[in-house]
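Report on the structure given below.
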Amino acid sequence: MKDLLGLLKSQGQSDEFDAIRIGLASPDMIRSWSYGEVKKPETINYRTFKPERDGLFCAKIFGPIKDYECLCGKYKRLKHRGVICEKCGVEVALSKVRRERMGHIELASPVAHIWFLKSLPSRIGLILDMTLRDIERVLYFESFIVIDPGMTTLDKGQLLNDEQYFEALEEFGDEFDARMGAEAVQMLLRDLDMPVEINSMREELNSTNSETRIKKLSKRLKLVEAFYHSGNNPEWMVLDVLPVLPPDLRPLVPLEGGRFATSDLNDLYRRVINRNNRLKRLLELSAPDIIVRNEKRMLQESVDALLDNGRRGRAITGSNKRPLKSLADMIKGKQGRFRQNLLGKRVDYSGRSVITVGPSLRLHQCGLPKKMALELFKPFIFSKLELRGMATTIKAAKKMVERETPEVWDILDEVIREHPVMLNRAPTLHRLGIQAFEPMLIEGKAIQLHPLVCAAYNADFDGDQMAVHVPLTIEAQLEARALMMSTNNILSPANGEPIIVPSQDVVLGLYYMTREKINAKGEGMAFSDIKEVHRAYGAKQVELHAKVKVRISQVDTTLDGDKVPSTFIADTTVGRALLFDIVPDGLPFSVVNQTMKKKAISNLINECYRKVGLKESCIFADQLMYTGFAYATASGSSVGVDDFVIPPEKAAIIAKAEAEVKEIEYQYADGLVTQGEKYNKVIDLWSRTNETVTEAMMKNLAKEMTVNKAGETVEQQSFNSVYMMADSGARGSVAQMRQLGGMRGLMAKPDGSIIETPITANFREGLSVLQYFTSTHGARKGLADTALKTANSGYLTRRLVDVAQDLVITEVDCGSTNGISVAAMIEGGDVVVPLGHRVLGRVVAQDVIDGKGDFVLAAGTLIDEHDVRTIEAAGVDEMIIRSVITCNTRHGVCAKCYGRDLARGHQVNIGEAIGVVAAQSIGEPGTQLTMRTFHIGGAASRASAIDSVQVKSAGTVRFNKMKSIERHTGHLVVASRSSELAIADEAGREKERYKLPYGAVLSVREGDQVTAGQIVANWDPHTHPIVSEMEGRLEFSGMEENVTIRRQSDEMTGLTTIEVMEMRDRPAAGKDIRPMIAVVDAEGNPVLIPGTESPVQYMLPEKALLSLDHGATVKSGEVLARIPQESIGNKDITGGLPRVADLFEARRPKDPAVMAETSGVVSFGKETKGKIRLVITPQNGDEPVETLIPKWRQINIFDGEEVAKGEIIADGPLSPHDILRLQGVEALADYITNEVQEVYRLQGVVINDKHIEVIVNQMLRKVEVGESGDTDLIQGDQVEYTHLLDANEKAEAEGKFPAKFERVLLGITKASLATESFISAASFQETTRVLTEGAVTGKKDHLRGLKENVVVGRLIPAGTGLAYHNERKRKKELALAAKEGSSTVSASDVEEALSAALKD
């Protein structure tokens, strides 16, 4: 009996382990796993269905088929456990040992493992320093390889073909040893002396200068060192013994009709065994060499197919022409072991059904069909029935439940009380896709869902299904109630705004309820309190929309949380007074004394949550919903054809447009405009016409005439149903109303270009056949796009989750004083996102000082709504806040650097899985983004030629990064490329900001006051000027007529201009001449740039135009030459989802902007073919830096100009890698954040910056080692940032030199595959490559991330699981401490161990 208990115990106990190591298995190890050798290819006997002895399913090797019964049936029952039957040799045991016992095959000839051979880079090739092609020639018996040259002229590792081999035999006899096949490779690997190789390679690394050689050596050195340190032996990459998978993992199942379904692996094993046995027999018979060789090659091929079918040559196919599934295929891909079975498991106690609306439910409830509940809660019901004594056994209880006796329903009611269930809707794009509710039993078969949680689930009731899961243990129930209950998820984790917001009917009802109507029944009445209003409305003495006076008693909450009661008489309407009745105490009447549109309702709930807390907000949200539904019903809004009013002016507007189009057609026919101009003009015209028609329609719809009390006719907002729905934000938009009542407008062709002829009809009038046909393009493209978008968006989310999954908050404060500086986001002069909004919920890194030098906020403050008002009042423009990117915590992030937990509204807790939350927040709106690349056509490209800055608001001028030259007229001319002009208000807050191009003329100075609408700067948008910085006389050089320049005179004005010829037009003599202008003083001496020794001179690029001649005098700030800007063609702008993916994958754009590699003075060196050589000489005397730039790039700087590191020299899209290299981590984070936000903002999606920073942080995990100093890192190697910091700390502690490094930016896919954890990487993508690399280097997985822990079946080290992991660590350390100092352990030691464990 004791035995039996031992067995049960061993099942329950989980082996405690801290890391998983992957490595190569030695032949001895494989034999030690094995329970016997598989000698025959047979599987089972087709008559008796018993496994053949020594075959692939042999019971003697793998264990019995039936529990505790040997094969011949001599020993049965438990009492013979562990006996080995003498007749059939089978051990009596559980049949499930057939899932874990392995066998082996002794190979007659060694075989190379295909993963280490073919998985690039080939590990065998790298370690032997041979090419893959050569190794394959040896392995597949095409050439001999010299293993031991002896006393001959041959080299070790030299390849010989048959002829050369026989020649060598004749010449040297048996002095040397050359072989072919895997055994030759095995012998070479065995002869490798790793320590010697490592030393010689390290020496050569230090002595060589060749880049390629260094690269090659460091690769090989890394591999050999990995082998040496991991204890793997290179010769194990060639197999002598092949393990055989346990038979129950490759089953053979009988089908009806006497046929068998079998796993492909059995076929593959059978092939190997057949060939192996045939080879053994051939070797015994000492068959001719050529036959043996052929057999060996076939054996190699069959083992290759077993391990990874299709990696080499054609895949072996089964009877039905389908490639067989090999061992590698079993673990990789979506259907492989990792993603199908380890990361995604099906769970018990779950059901699914269609969902319907539950408008009468409370927020924390859901309606659960009785049938489902009975099934889901069965075990609870059984135990209750037994406990009550209503049923004697479980079997009896089961019968009762099946009969559905009345007492069963009573017990079900009891069981279900306060037992939450979880509802999930696929696709679960973010954590709000699974929430917990308390079930209410209902009749019927559909689950009832509370309408307010639909937004979080993205659910509607057109047939969506949802799954129900039951948390069984008390811990699970507790977590479901405390963390996952729908009432705890009012705010969205993506942006901290409420997500439980009324929509559709509810919005319409609340909107209708709070509208005003002129001259409604009861207008002008006064009421003493809201109760009286209720009575009057109930008695039909007043209408809902009547304007009345009501005495209101409100309780407001101050910023410090004090309640302030007050009473006053308000001008309001009946509906608003009734609505205020459900508003909780603590909110002022002003929040509802307005027409409640969707945005207002959202703000109301947000305000409610911040002021009166979670519980009140939930109750209030419910009340809002009930009220909204009630009044939506009362309003009787519906849509009829007559509600779409076609504006009477429409016909005239369209006729006018058509006349203008005719006019443009005539101009085109006369050759006055080009095809392109005509197209743009027409499209512009129709866009404007569409706008005009829409405006006319809205004007018509939005207002209606009515008679007021005095009998005058006045206009008021219309009560047209369609208008109310669109205006309130309940459903529909102006764009949709335009199509129904205005005109459909322009349509796009499938390739994205716009068709010139618009659809002038609308849906109410009906479309003609031609118009209908035109509009099918768009509809079809919409459908195709949606399908693509969903897949792409899902894949982006998957990559994001994978890269960020192991980021968890692990400590409260890392003590970092660094941070990133944040300013308001400004686009085209408008503040899009104010500073306060961006820093809300973040921690201040350095004290905030306003413009006057006054102290505003202390470092370490978590900024809340109150602080935001303080910041805005103080007029702070920029502040430094803590960020995940600058956090010093080694594994994980600290709470201070992250800031507020957006879904809860307070500082984030330790254990919050911020990485996954960030990934979900960015990925979830992915489906709302567009897929297309935009073509700029018509309106857009013309609007882009801005030629002046006109300020929108009054204020004070400020300059930023400004370099300017003063003109003799007193105006300033901008002389730098990154200048900005900002306008600040009285408090010193920045209101608008504009970029100024080089050569812009300013009419204001720093500190000037401007008025709204004033033009402060202007420039010529079509040319790029070269401005003289000093005054003097011009001196030309290299300007020879018809060699480098042409003179052109204008007949009209008689002025001549000089044009610099293009390279391709110049004669040979002019190819190397560089046209230049120098400025000299009256005596003819060159004028110097102030403070330097270099003369003022300007290189003239090709196509430059000059209007001044040699010897002319110039003043400072005068334009010397103009370079015409080629209008940049209609380049496609990548937008939407592909743009976000490009940013996160850190792809280098085509023709990226060229940035200055260092700060200094620019000069141009000798040109090479097709490229300009740009040299930057630093002022401090460092080495000059050269950059080669293609000639066709427009270069923005001139000879002798000073640039700052990272300044843009040639325009183009920025490359994130360049930003990181030249401007640092902060600039990069800023760039990616802004670019990603721009895409989402276009779609109206709000995401908090910190989520994007979390992903950027994960992309920056690796560094490249520059000089390795005294650490054991290899130069040019990519290592984890934390690993490098550890190594440097160690070196510094010993007083040695630390390593130098550069941060590296990896795209999210690369970063996921480069994580420390091989389990996480293997379950993401490229499983074979990851596992091969891991095995060779003997990688250890410390199970720090979430994914690895899910795979090994543990709680994740996040959330409530973090406590479990910390406790495990603590116990282990205490046990260790007890072991080491078992005699004396002081309390302080334990304390230390504890605190260390917690820190860890």
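Note that Cβ sites are derived from N, Cα and C of the backbone, with glycine treated the same way.
The DSSP secondary structure for Cys70 (Zn(2+) 1 binding site) is coil. Marked as Zn(2+) 1 binding site by Swiss-Prot on the basis of sequence analysis: Cys70, Cys72, Cys85, Cys88.
As annotated by Swiss-Prot, Mg(2+) binding site applies to Asp460, Asp462, Asp464. The Cβ of Asp460 (Mg(2+) binding site) lies under 8 Å from the Cβ of Cys454, each of which sits 6+ residues away along the same chain. Asp460 (Mg(2+) binding site) carries neither a helix nor a strand DSSP state and counts as coil.
The Zn(2+) 2 binding site annotation in Swiss-Prot covers Cys814, Cys887, Cys894, Cys897, and the record cites sequence analysis as its basis. There are 29 other Cβ atoms within 10 Å of the Cβ belonging to Cys897 (Zn(2+) 2 binding site). According to its DSSP assignment, Cys897 (Zn(2+) 2 binding site) is helical.
The two recorded residues Cys894 (Zn(2+) 2 binding site) and Asp464 (Mg(2+) binding site) have their Cα atoms spaced 40 Å from each other.
Separation of the C-alpha atoms of Cys887 (Zn(2+) 2 binding site) and Asp462 (Mg(2+) binding site): 47 Å, rounded to the nearest whole number. Nearest in space to Cys897 (Zn(2+) 2 binding site), taking C-alpha to C-alpha distance over the binding-site residues Cys72, Cys88, Asp462, Asp464, is Asp464. Taking the Cα of Cys72 (Zn(2+) 1 binding site) as the reference point, the closest of the binding-site residues Asp462, Asp464, Cys814 is Asp464. On the backbone, the CA of Asp464 (Mg(2+) binding site) and the CA of Cys814 (Zn(2+) 2 binding site) stand 46 Å apart. With the fewest other Cβ atoms inside 10 Å of its Cβ, the least crowded of the binding-site residues Cys72, Cys85, Cys814 in this structure is Cys72. The separation of Cys814 (Zn(2+) 2 binding site) from Cys85 (Zn(2+) 1 binding site), Cα to Cα, is 65 Å. In the three-state DSSP reading, Cys814 (Zn(2+) 2 binding site) counts as coil.
Less than 8 angstroms from the CB of Cys88 (Zn(2+) 1 binding site) sit Arg53, Ala59, Lys60, Cys70, Leu71, Cys72, Lys74, each of them six or more residues away in the same chain. Within 10 Å of the C-beta of Cys887 (Zn(2+) 2 binding site) we count 25 further C-beta atoms, all protein chains included. Asp462 (Mg(2+) binding site) sits 50 Å from Cys814 (Zn(2+) 2 binding site), counting Cα to Cα. Ranking the binding-site residues Cys70, Cys894 by the number of CB atoms within 10 A of their own CB puts Cys70 at the top. Sitting within 8 Å of the Cβ centre of Cys814, Cys887, Cys894, Cys897, and not among those site residues for Zn(2+) 2, are the Cβ atoms of Glu811, Asp813, Ser816, Arg882, Val884, Thr886, Asn888, Thr889, Val893, Ala895, Lys896, Tyr898.
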